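Engineer: Here it is, the structure in full.
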Amino acid sequence: MATRSASVAASAWAGVAAVALGAGAGELVAALALPTASPIASMGAALIDLAPPWAKDAAIGLFGTADKLALIAGVVVVLVVVAAIAGLLEVRVPPWGRVLVVGLGLVGAVVASTRPDATGMAWIPSAVAGVVAAAALGPLARRCARAAAHAAPFVRADPADGNPDVAPAAPDPASAERGTGLDRRGFLLWSGVAAGAGVIAALGGWALQAGRQAASAVREAIALPRPAQTAAPIPATADLGIPDLAPVITPNAEFYRIDTALLVPDVDPHAWSLRIHGMVAREVVITWDELLALPLQESVTTLACVSNEVGGTLIGNAVWLGYPIRELLRQAGPDSGADMVLSRSVDGFTASTPLEALTDERNAILAVGMNGEPLPAEHGFPVRMVVPGLYGYVSATKWVTELQVTRFDAARAYWTDRGWSERGPIKLQSRIDVPRSGRQISAGDTVVAGVAWQQHVGIAAVEVQIDDGEWMPATLATAISDDTWVQWSMPWTATTGTHTVRCRAINARGQTQTGEHAPVVPDGATGWHQIGVTVA
Ligand SMILES: Nc1nc2c(c(=O)[nH]1)N[C@H]1C(S)=C(S)[C@@H](COP(=O)(O)O)O[C@H]1N2
Ligand SMILES: [Mo]
């Protein structure tokens, strides 16, 4: 009798330990990669939405400001109950416990991916939770069953063994004790490890999230100073307003993101400083407050990634607020022998920028603002570099903390050590956005449109070719400046059938974009963007 009831508690505990491990794994995955998809938090949020108003009021009345915590606790209690049931099922009628646990993960996945702020991958943490819990539940339940079996008053015969001497033998109380003790201890050990790891993972994930929220609160509290020098207003004619055509200014939320940071660096601006050193007459150190006190300038610069394939989307255009790097370098006084600045970020990434690009007349800046707000964390908060005319990997260091004035023959940057060119001037490129590649359109009057760029050189014209016809001139929108991309469009009377549409740009120096294909490695792709269109 005693063993029976002990095994009810033990089976339930097996379920709780397995689900704790799974939930912890799910919370950690969410914290690391998908911050809005925490399985427990999304279930809690869904409960709030489902709860009738009186229940919400009652909960707030009961728990006061701790209502969020109470909600999480409520979800945890429900999880513990379901987990205990899963444990009982798995010990007695496998695999039903695992089925229940996987079902629980599925419910979590559905809830997380139907939250208003859900991303396409929001189901992953809950799926991970369900799979990990199920994988742990199987072995834990078997150990639990074994411990209970050995604790039974008679040693059962192994049917495959069939040794007549063993089966009916009276139990040796000492050995039964020993077996029970070992099995029980093994079960307790493994279930304890599972539950402990789960709790630690969940708490670690939550701590990480809390830290990140604190960082974003710091960012939100920042009021950037007004620019001492504003950018010229963006001409209304810079954006053709064509649906599906990339807007001339890329909203921050849509701006491409490329970096080597597994976790977005969390930099406290008040602890931040930038040090300019190396081949200089005197070191310069500037703090956040000192930087913000300088006369900041607005500039519009298009940023592009060297890994952008022909027709790719690793490019964006923003209004930046920052201070000219030129001025800071002047204070430091570079040696005449220096020809490169190695910028370093808080996470160790480095970029090699020609000294000239940082000292000539262009808008090479230490940026603090992007499209009217402090830099988003993933775009380099609190300070990054923006340099017109160079690919990001040799110029656009995010979370920048150091500028080392040096020489190309004396130092190498992060990507240079990995097969990429030490210099990365932007290549002349153009892209077709409309019609979307592979999209079917209807015959008749339509429009072909896209963007073209070669920052700090400028675009003079764009031409379009339908099938193997003549190259025809597109109309350019008003360029914001030579440092930005420019939209273009061309009317097209589309005839039924399938067509190939190509584009190429001509830069302000009169050079035509080459049709010769080059891969992105080592210094940027070339070739004409071409799309297939079906006209019905
Ligand atoms: N610290 C740091 N800065 C970095 C990188 C990086 O990996 N780490 N990547 C660079 C590259 S390759 C590009 S294309 C741009 C991209 O900037 P974005 O993510 O703001 O679009 O950042 C640059 N700055
Ligand atoms: Mo890049």
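Here the Cβ of each residue, glycine as well, is placed from N, Cα and C on the backbone.
Note that this is a predicted model, so its numbers are computed, not measured.
Quick paste from TrEMBL:
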| type | residues | note |
| --- | --- | --- |
| COMPBIAS | 159-176 | compositional bias 'Low complexity' |
| DOMAIN | 264-412 | domain 'Oxidoreductase molybdopterin-binding' |
| REGION | 159-178 | region 'Disordered' |
| TRANSMEM | 69-89 | transmembrane segment |
| TRANSMEM | 96-114 | transmembrane segment |
| TRANSMEM | 120-141 | transmembrane segment |
| TRANSMEM | 187-208 | transmembrane segment |
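Looking at the shown structure, can you explain where the listed features end up?
Structural biologist: Within the same chain, residues 8, 11-16, 18-20, 23, 40-41, 43-44, 47-48, 59, 62-63, 96-98, 100-101, 104, 133, 137, 140-141, 144 sit at least 6 positions outside the transmembrane segment (69-89) and bring their C-beta atoms closer than 8 Å to a C-beta of that stretch.
Distant neighbours of the transmembrane segment (96-114): 15, 18-19, 22, 26, 37-39, 42-43, 46, 79, 82-83, 85-90, 120, 122-131, 133-134, 137-138, 141; these residues of the same chain sit at least 6 beyond its ends, with a Cβ under 8 Å from one of its Cβ atoms.
Residues 10, 13-14, 16-25, 27-28, 30-32, 38, 40, 136, 139-140, 143-144, 146-147 of the same chain lie 6+ residues outside the transmembrane segment (187-208) yet bring a C-beta within less than 8 angstroms of a C-beta in it.
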Engineer: Which residues of the same chain, at least 6 past either end of the transmembrane segment (120-141), have a Cβ under 8 Å from a Cβ in it?
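Structural biologist: Same-chain contacts beyond the flanks: 11, 14-15, 17-19, 21-23, 25-27, 29-30, 33-34, 36-39, 42, 83, 86-87, 90-91, 94-95, 97-98, 101-113, 187, 190-191, 194.
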Engineer: For the domain 'Oxidoreductase molybdopterin-binding' (264-412), report the average pLDDT of the model, please.
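Structural biologist: 97, rounded to a whole number.
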